[in-house]
Amino acid sequence: MAARGECRRAGQDSEPEPEREPESEPGPEPEPQAGLESGEAFEIVDRSQLPSPGELRSASRPRVADSWSAPILTLARRATGNLSASCGSALRAAAGLGDGGGGGERAASKGQMMEERANLMHMMKLSIKVLLQSALSLGRSLDADYAPLQQFFVVMEHCLKHGLKVKKSFIGQNKSFFGPLELVEKLCPEASDIATSVRNLPELKTAVGRGRAWLYLALMQKKLADYLKVLIDNKQLLSEFYEPEALMMEEEGMVIVGLLVGLNVLDANLCLKGEDLDSQVGVIDFSLCLKDAQDLDSGREHERITDVLDQKNYVEELNRHLSCTVGDLQTKIDGLEKTNSKLQEELSAATDRICSLQKEQQQLREQNEVIRERSEKSVEITKQDTKVELETYKQTRQGLDEMYSDVWKQLKEEKKVRLELEKELELQIGMKTEMEIAMKLLEKDTHEKQDTLVALRQQLEEVKAINLQMFHKVQSAESSLQQKNEAIASFEGKTTQVMSSMKQMEERLQQAERARQAAEERSHKLQQELSGRGSALQLQLSQLRDQCSGLEKELKSEKEQRQALQRELQREKDTSCLLQTELQQVEGLKKELRELQDEKAELRKVCEEQEQALQEMGLHLSQSKLKMEDIKEVNKALKGHTWLKDDEATHCKQCEKDFSISRRKHHCRNCGHIFCNTCSSNELALPSYPKPVRVCDSCHTLLLQRCSSTAS
């Protein structure tokens with residue numbers, strides 16, 4: 001197993017190195033696939049030119065005889081062995097092409113593809129490790145002429161060409177890795193800028209040059225790993241360009257994507273020259289695998305020194321940021337003290353204003369009480385006046401009721417008299433036949449009675465008109481005086497009863513006229529019989545005339561009573577007008593009371609707003625004190641944090657799962673401990689970093705709570 005290589009950088013993610021794999025035992029060399037072109041994945045190198053493992057051991061010093069256990073040399077030995085085996089098998093396959101059957105060729109091609117994938121994986125790990133180590137020692141900004149960077153692009157190009165299908169066209173066969181890279185534009189819209197800029201370069205004439213330019217631009221954007229991950233996730237589209245056993249179609253592709261994430265710490269400034277990109281020949285440099293143990297020891301010491309320097313730089317940056325934060329906090333404290341003094345002055349002014357407003361409020365209350373007492377007195381006086389008027393009105397109404405009862409009794413008596421007269425008329429009709437002269441007199445008397453009846457009818461109509469006028473006047477009095485509605489309603493009911501009784505009397509008079517007509521008809525028949533009874537009838541007629549005169553006198557008295565009632569109604573109207581004026585005065589007093597109440601409510605609102613402002617000022621002061629205490633606690637906590645080394649962590653601190661190739665190490669920028677990707681996937685902006693950085697779950701929740709408390 002190859003030991004895990006380490007690459008550290010203060011303030012950046014730590015990249016795990018692959019564990020050592022068991023060395024492949026030498027077996028039967030697989031035959032190459034028929035039609036395989038030489039130099040498809042690698043250039044063929046003469047095996048005799050490569051140093052053997054024995055020569056390497058003899059070349060090294062005696063004290064480092066066991067140095068092959070080191071990670072770089074072990075990987076170099078495996079890479080040289082695999083490459084030499086693949087080259088030898090390719091030469092033998094070229095010599096004995098066509099000897100094996102179809103099944104043997106497939107098995108040999110699969111074995112060869114597996115060996116090539118393993119070799120490319122080891123070379124990719126070595127190139128990335130050497131690139132990161134050299135970049136961290138010299139500086140993280142790289143140019144296009146940097147040898148480890150060029151070697152990385154060569155290995156990356158071989159990885160993308162591995163297992164690539166050959167496309168036939170009219171011109172000939174075309175085999176370029178720019179075709180799969182064009183798919184990234186469809187899968188990830190962010191890569192459209194790279195594709196368009198590569199197509200618009202006029203100096204690029206070949207597809208290989210465009211593919212290399214695409215890799216340069218993706219590395220400069222620090223999104224090479226993201227784009228390749230999107231491409232590998234869509235293997236159905238990749239199957240159109242790659243064989244099933246290709247490196248991009250197997251698990252090694254995801255491992256390479258994980259290794260490429262570590263290159264995001266580097267800043268590359270690459271120049272895109274079309275001639276250089278089109279004419280470059282991708283040759284893998286195996287001199288990286290031939291470092292001695294002394295360089296390895298010096299590399300370890302250099303790594304330790306860089307770790308110590310990174311820790312020192314981290315602590316210095318922390319102290320610098322803490323000093324900056326302390327200065328900012330001191331300025332904030334000064335500003336808060338100034339604002340506190342201003343707020344205290346405003347508070348004293350507000351208290352003076354409140355005292356003056358309270359005095360004004362007390363004066364307004366006293367004025368309000370005086371006005372209220374006056375209004376209450378005026379209301380009581382008006383109530384007493386209305387009570388007296390109501391009592392007088394009730395008394396007048398009782399008198400009217402008594403008068404109406406007397407009139408009703410008189411009408412009943414008249415009805416009785418009329419009934420008696422009808423009876424007497426019947427008797428007289430029986431006696432009218434005695435004398436014609438008496439009948440003439442009776443006719444004259446009847447004409448006179450008709451005249452009197454007409455006069456009585458006219459008087460009744462006048463009484464009706466008067467009653468209607470009274471009714472309308474009572475309705476107007478009801479609208480002005482609501483308290484007298486019930487009395488007027490009862491009065492109207494009684495008037496309607498009188499009207500109904502008058503109508504009944506008219507109907508009875510009509511019946512009497514009809515009876516009189518019948519009596520006249522009978523009188524014609526009984527003229528002979530009434531001739532002897534004329535004197536008696538004259539006496540009776542005189543009596544009837546006396547009764548009619550008495551009825552006329554009673555009607556005159558009723559008219560006088562009606563006139564008296566009209567006068568009383570006029571007086572009541574005058575009193576109602578006076579009451580309306582008094583009610584208007586009361587309404588004016590009510591409006592003044594409402595205005596005073598509104599002013600009082602506005603003053604209360606002003607007082608409440610000033611009290612709320614004072615409360616808010618107190619809350620702001622308490623919150624500023626709490627913020628100061630929180631900032632002091634944060635400074636204390638930051639001073640106690642230490643940056644944990646990669647060697648000291650073998651498992652995640654939160655989920656306690658062991659780290660591996662797929663589960664990488666990540667530092668929390670707040671507490672300095674190491675976590676896996678799932679436990680430290682959150683990003684927050686810290687005061688010591690200009691951009692959002694990786695933070696563990698516990699620190700994420702704690703920082704969010706602090707932010708929410710400060711925001712509230």
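Just so you know, the numbers here start at 1 and follow the chain as drawn.
Including glycine, each Cβ sits where the backbone N, Cα and C put it.
Taken from Swiss-Prot as is:
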| type | residues | note |
| --- | --- | --- |
| REGION | 1-45 | region 'Disordered' |
| DOMAIN | 143-275 | domain 'RUN' |
| REGION | 498-532 | region 'Disordered' |
| REGION | 619-629 | region 'Interaction with RAB4' |
| ZN_FING | 646-704 | zinc finger |
| BINDING | Cys652, Cys655, Cys676, Cys679 | Zn(2+) 1 binding site |
| BINDING | Cys668, Cys671, Cys696, Cys699 | Zn(2+) 2 binding site |
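In sequence order, His651, Lys653, Gln654, Glu656, Lys657, Arg663, Phe675, Asn677, Thr678, Ser680 are the residues of the same chain, not among Cys652, Cys655, Cys676, Cys679, whose CB sits within 8 A of the CB centroid for the Zn(2+) 1 site. Taking Cys696 (Zn(2+) 2 binding site) as the reference point, the binding-site residues whose C-alpha atoms are within 10 Å of its C-alpha, out of Cys652, Cys676, Cys679, are Cys676, Cys679. Under DSSP, Cys699 (Zn(2+) 2 binding site) is assigned to a helix (H, G or I) in the three-state scheme. Of all Cβ atoms in the protein chains displayed, 21 besides its own lie within 10 Å of the Cβ of Cys671 (Zn(2+) 2 binding site). Taking only the Cα positions, the spacing between Cys679 (Zn(2+) 1 binding site) and Cys668 (Zn(2+) 2 binding site) is 10 angstrom. Listed in sequence order, the residues Arg669, Asn670, Gly672, His673, Phe675, Ser680, Val695, Asp697, Ser698, His700 complete the 8 Å Cβ shell around the Zn(2+) 2 site centroid, once Cys668, Cys671, Cys696, Cys699 themselves are left out. For the pair Cys652 (Zn(2+) 1 binding site) and Cys668 (Zn(2+) 2 binding site), the Cα-Cα distance reads 11 Å. As a whole-number mean, the pLDDT of the zinc finger (646-704) in this prediction is 85. Shown are the binding-site residues Cys676, Cys679; the one with the most C-beta atoms within 10 angstroms of its own C-beta is Cys676.
The binding-site residues considered are Cys655, Cys699; of these, Cys655 has the fewest other C-beta atoms within 10 angstroms of its C-beta. Across the structure, Cys699 (Zn(2+) 2 binding site) and Cys676 (Zn(2+) 1 binding site) place their CA atoms 14 angstrom apart. Ranking the binding-site residues Cys652, Cys668, Cys696 by other CB atoms within 10 A of the CB puts Cys652 at the bottom. Rounded to a whole value, the Cα-Cα separation of Cys668 (Zn(2+) 2 binding site) and Cys676 (Zn(2+) 1 binding site) is 10 Å. Distance from the CA of Cys671 (Zn(2+) 2 binding site) to the CA of Cys655 (Zn(2+) 1 binding site) is 16 Å. Cys676 (Zn(2+) 1 binding site) carries neither a helix nor a strand DSSP state and counts as coil. The DSSP breakdown of the region 'Interaction with RAB4' (619-629), given as helix, strand and coil counts, is 11 helix, 0 strand, 0 coil.
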